[in-house]
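Undergrad: In case it helps, Swiss-Prot gives these features for our protein:
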TRANSMEM  5-25  transmembrane segment
TRANSMEM  53-73  transmembrane segment
TRANSMEM  80-100  transmembrane segment
TRANSMEM  112-132  transmembrane segment
TRANSMEM  138-158  transmembrane segment
REGION    192-222  region 'Disordered'
COMPBIAS  213-222  compositional bias 'Basic and acidic residues'
Amino acid sequence: MSATALGMIIFAYLCGSISSAILVCKAAGLPDPRENGSGNPGATNVLRNGGRLAAAAVLIFDVLKGMIPVWLAYTLEMSPFYLGLTAIAACLGHIYPVFFRFRGGKGVATAFGAIAPIGWDLTGLMVGTWLLTVLLSGYSSLGAIVSALIAPFYVWWFKPQFTFPVAMLSCLILVRHHDNIQRLWRGKEGKIWRKKGAKSAQNSERPASASPPHDDEPQTPR
């Protein structure tokens, strides 16, 4: 491994370790996403707790965390294998951030950003797949899972030389969503949107000492 490749991998991990959800919520005076809602510091949980504007900011920053390192590696003409390692490093930084006690998010938005430098046509297909799945099912996690499963086939069709690194990235996303897959199978996964009345009742009735639910876990009034 060259010094350039090693440096890019380390840089990607450090970029991924910047938790935009925590920083945006702190700057906006919103609750810490690690201690509220699902407990997951990601755009979906920020959407539930803080609204669309804060969630949009988190989403953009998370995408850039994956896009910038991989784009730099791409311009340096690194091999597809090391491009894949750079993308995985960015996602690992998001999932296990060194700056925030290794407690991070799911890595979906960062993975989208890491794939973007391969081609905007591929990125459009990926975003379209996620959006269509969420609109039809209401499950953000299902959108991520379906997108991760189909991503290697999209890449194989457009730029087959990147199939292996994207497949590695997809495996990481699927492993990270193993709890969501189990809840989807049992029919206990929560949807991305909830009625405001149900949310207010759930928040008012939950004991202060109660631990936050898992990401995308159904949150109904007791």
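Using N, Cα and C of the backbone, Cβ positions are placed for all residues, glycine too.
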Undergrad: Taking residues 6+ outside the transmembrane segment (5-25), which of them lie with a CB under 8 Å of any CB in it?
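TA: The answer is 31-34, 41-43, 45-46, 49-50, 54, 57-58, 61-62, 65-66, 68-70, 72-73, 76, 78, 82, 85-87, 89-100, 104-105, 107, 110.
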Undergrad: Sort out the residues at least 6 away from either end of the transmembrane segment (138-158), same chain, that have Cβ-Cβ distances under 8 Å to it, and list them.
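TA: For the transmembrane segment (138-158), the far contacts come to 44, 106, 108, 111, 115, 118-119, 121-122, 125-126, 129-131, 166-167, 169-170, 173-174, 177, 180-181, 183-184, 189, 191-193, 215-216.
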